[in-house]
Amino acid sequence: MNDTSNWAAFTAVMRRDLMVVMRRRSDVLNPLLFILMVVSLFPLAVGPGPDILGRIAAGVIWVAALLSALLGSERLFRDDFLDGTLEQLTLLPQPLPLLAGAKIVVHWLLSGLPLVILAPLCALLLKLPAEGWLTLMATLVVGTPILSAVTAIGAALTVSLGRGGALLSLLLLPLFIPLLIFATGAVEAALMGTAAWPQVLLLAGLSLLTLLLAPFAVAAAIRVSVN
Amino acid sequence: MVFDNLQAFIAMGGYGFYVWLAFGISFAAIAVLVISGLTARRKLQREFVKEQRRQERLAQRKREVS
Amino acid sequence: MWRWLHPYAKPEVVYHLLGRWQPWLSITAALTLGLGIVWGLVFAPADYQQGDSYRIIFVHVPTAMFSMSLYIALAIAAFVGRVWQLKMADWGLAAIAPVGLTFTFISLVTGAIWGKPMWGTWWEWDARLTSQLILFFLYVGVLALYHAFSDQRNGAKAAGILAMVGVINIPIIRYSVEWWNTLHQGATLTVFERPPMATSMLIPLLVSILGFGLLAGALIVQRMRNEILRQELRRPWVKHVLNQDRATELSKTEQA
């Protein structure tokens, strides 16, 4: 296999997945609306005072991000598994981890990227102090790829079970804990006026590591699920 | 023997509740593990007997038909 | 070397081998554990700071130690099963996971109970307690995934992948939780970081560590044998084994 055919397969999988999703726009919008609603629940629950909201803002946004990544995980492999596309993908001569990588990228484009775009609005609603905005955006940009990659592992493991939901969150949420800690810690450091870049860099490193290793785990999980 | 009598042993220098609670829960958890292993074995056995009876019935039916 | 190992890849051989080990392992485990616990409860002197409450250490420390190593063993079994396609290793995963989960649970609960008299609350978001809680969640995930599959061969494989992902994550989780703890200036529990123990306390502790290790071994062997039988239920040798069991059981009831 040469590089061009690998690249062609990568883009073909991406293009196809994007096209499938674009036919059902509500799938893209629903997780975003979900985040918005979760975020607006918190002022109602804990009171709208700016000091408390500002302190929990980064945590709330990140928890909402975790939940929405889980919510959007079904569409990663479920339909492809049901109509047999996933099995066909495993039979391609191109390496399966590469194709899994394409799926991770699509998932990020559809859940991570909109979240990054939506984040300023959430920060506004939660009265996050101005010092924290840039750091929050930075953690979301480097952190959401981890979300997509690890979610893909879980989704591939549970795709043949038919009832993902609670099981998937049971598998994945513990794995997200370091991400949550470093991301909210970075925003907190920024709010306190200390340097936040060490945590952001650490997150970026974790992100690269995850993106490097996750496709192999996803590929292995797909092979378990389809046979 | 560091305790003078049984009462002192149970009281554990005033910490009796905590010490015995910790040991009790630990013991119970391990007991559950042991018993679940034993019952799993027995369940396998029952499953096997049921399966064998089914096989015998099938064989008998076959003999009656032929 | 492979020629020598080959017979041990046969479930029947492993089953009988483990069957020979099981009684000895169980007896030594019961004796050592009993010795360690009784020694710790009755004969070890009370701590000069914590009084008799420190006696919880004789279950807390051994279970906490083995909870971590059992997860690593789980991941190694998964790795072996994955790379060499050894189905026995996959079954080993199913045998180890419940034992590890129980040990983690015991260490968590005893830690919390110990915490109440020592620093006044049942739960403190201390780095070590928090990572132990996350380890508990990781075990729960592996077991839940394993049991979610109706075909248990696939379940073991899927759970194995999850265990490997989890074991890569463990150092990251530990580090992040420690960093988080210092960031929020949470309680650092000095109860666990003790000065070198007196020999009169250390020896019973070592005995109970050994006892819990043997107990873990015995429980894993028991579960491994069940797992082999379950996976091979249709094979003639399993029929033979179970028939023999049934015969001895019947003769026992007749005598009674």
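Placed from the backbone N, Cα and C atoms, the Cβ positions cover glycine too.
Because TrEMBL annotations are produced automatically, they should be read as predictions rather than curated entries.
Pulled from TrEMBL, these are the features on record:
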type: TRANSMEM; residues: C:21-44; note: transmembrane segment
type: DOMAIN; residues: C:26-184; note: domain 'Cytochrome c assembly protein'
type: TRANSMEM; residues: C:56-80; note: transmembrane segment
type: TRANSMEM; residues: C:92-115; note: transmembrane segment
type: TRANSMEM; residues: C:127-146; note: transmembrane segment
type: TRANSMEM; residues: C:158-177; note: transmembrane segment
type: TRANSMEM; residues: C:197-221; note: transmembrane segment
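Put simply, of C:56-80, C:92-115, C:127-146, C:158-177, C:197-221, the stretch with the most CB pairs closer than 8 A to the transmembrane segment (C:21-44) is C:197-221. Counted over residue pairs 6 or more apart, the CB atoms of the transmembrane segment (C:197-221) and the transmembrane segment (C:56-80) come under 8 Å in at least three pairs, which marks the two as touching. When each of C:56-80, C:127-146, C:158-177 is scored by its Cβ pairs under 8 Å to the transmembrane segment (C:92-115), the top-ranked stretch turns out to be C:56-80. Mean pLDDT across the domain 'Cytochrome c assembly protein' (C:26-184) comes to 87 in this model.
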